[in-house]
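Enquirer: For reference, the structure I am asking about is given below.
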Amino acid sequence: MGFWSLLEVASMPVIQVLIISVVGAFLATDRCKLFPVEARSSMNKVVFVLFAPALMFANLAQTVTLEDMISWWFMPVNMGLTFLIGGILGWIVVKILKPPPYLEGLIVATCSTGNMGNLPIILVPAICDEDKSPFGNRSVCRTVGLSYASFSMALGGFYIWTYTFRLIKGSAMKFKDIEESKKTAIKSSNSDLESDHKTHLLGAPEESLVKQETGFWRKGVDFLHEILEELRAPPTVGAIIGFIFGAVTWLRKLIIGDDAPLRIVQATAKLLGDGTIPCMTIILGGNLIQGLRSSAVKPVVVLGIVCVRYILLPIIGIGIVKSAESFGFLPADPLFQYVLMLQFTLPPAMNIGTMTQLYNVGQDECSVLMLWTYLVAILALTVWSTIFLHLLV
């Protein structure tokens, strides 16, 4: 498979994202005025509460069985490593570049969270369909490749709506705390003018004792509460239910298959889930107009994220996959290894834009980061796919 053929295949899903983003940007312009901030916010809530959970459930229930979870056990490990290593590299980028506090979580999320959804679903079968595909029989390659890509998509959604969701939520809470602390500092400075030194001396010991007694238990309760809140997020609930239906045979037979009595449930969930990616991309494009005007993202931040996602992570990914192969952890299928390597090379997940819109923090900057990372992805995916194919075949 030649470089130019691979360029065409690898660029198609990325160009699709860019075209839909341009449509969203045009709808949000002052000339068109069909997609204002209020409309984007409302659509984003529908995506979060309805479309994304339906997508998670439909994909997991249909593509993931208990046997797949056992035989493909290294894929969730590999994906977890992409999030972990990307998060560490993103943290290093934050410490070096020192962006505004409200952008720290966004930068780490952009470095660690790849688009495990629509890109592999389009890219892997497209490579199988090529006449000179290195992965053997076209129909077998396409069927198996779709299973790998669907499993990757489902797992990615679970990681994104737990790990990445926590990052963006934490960034939003941090930003709000900073704003509130500024207001509190102003109020306290004013109240200090009305109090004397005796007031401070009397109040300090009691306050410190209360903090010592309640601090540990309060942190523990708050941590458990945060975990429960994240597990209650609609996409996470959809993913958990999808895992259950996929793993339990009799539940799976209720909704999956031509003879399933409740197959209409799966068909409806799939129909709703199909609206997730277009809606997320249109919202991202709508935010792009305002982001280009008022974004606080510096070029060096974009460069740092591009280096992490398209240089460091793919190199590390090759080392991890090849090491796993040498230890006998992987099935004897080069297509499976290709999907694992591809997970280290993908541009940032579109769901990040949904989260920033949901918490109203960094959505303009997110749209700008997405624009540049997806533009670079056209060439990066092609180059790295060519390298992966030469290593595997």
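Placed from the backbone N, Cα and C atoms, the Cβ positions cover glycine too.
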Enquirer: Would you mind telling me which of 147-168, 257-278 TrEMBL tags as transmembrane segment?
Expert: 147-168
Enquirer: Please determine whether the transmembrane segment (147-168) and the transmembrane segment (300-320) are in contact (criterion: at least three Cβ-Cβ distances under 8 Å, sequence separation 6 or more).
Expert: no
Enquirer: At a threshold of under 8 Å on Cβ distances, which of 6-27, 47-66, 300-320, 371-392 pairs most often with the transmembrane segment (106-127)?
Expert: 6-27
Enquirer: Determine which recorded stretch among 6-27, 47-66, 300-320, 340-359, 371-392 has the most C-beta pairs below 8 angstroms with the transmembrane segment (72-94).
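Expert: Looking at each of 6-27, 47-66, 300-320, 340-359, 371-392 in turn, the most contacts to the transmembrane segment (72-94) are made by 300-320.
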Enquirer: Find the member of 6-27, 300-320, 340-359 that has more C-beta pairs under 8 Å to the transmembrane segment (47-66) than any other listed stretch.
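Expert: When the Cβ pairs under 8 Å are tallied, 340-359 comes out ahead.
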Enquirer: As a test: from 300-320, 340-359, 371-392, pick the stretch that has the greatest number of Cβ pairs under 8 Å with the transmembrane segment (6-27).
Expert: 371-392
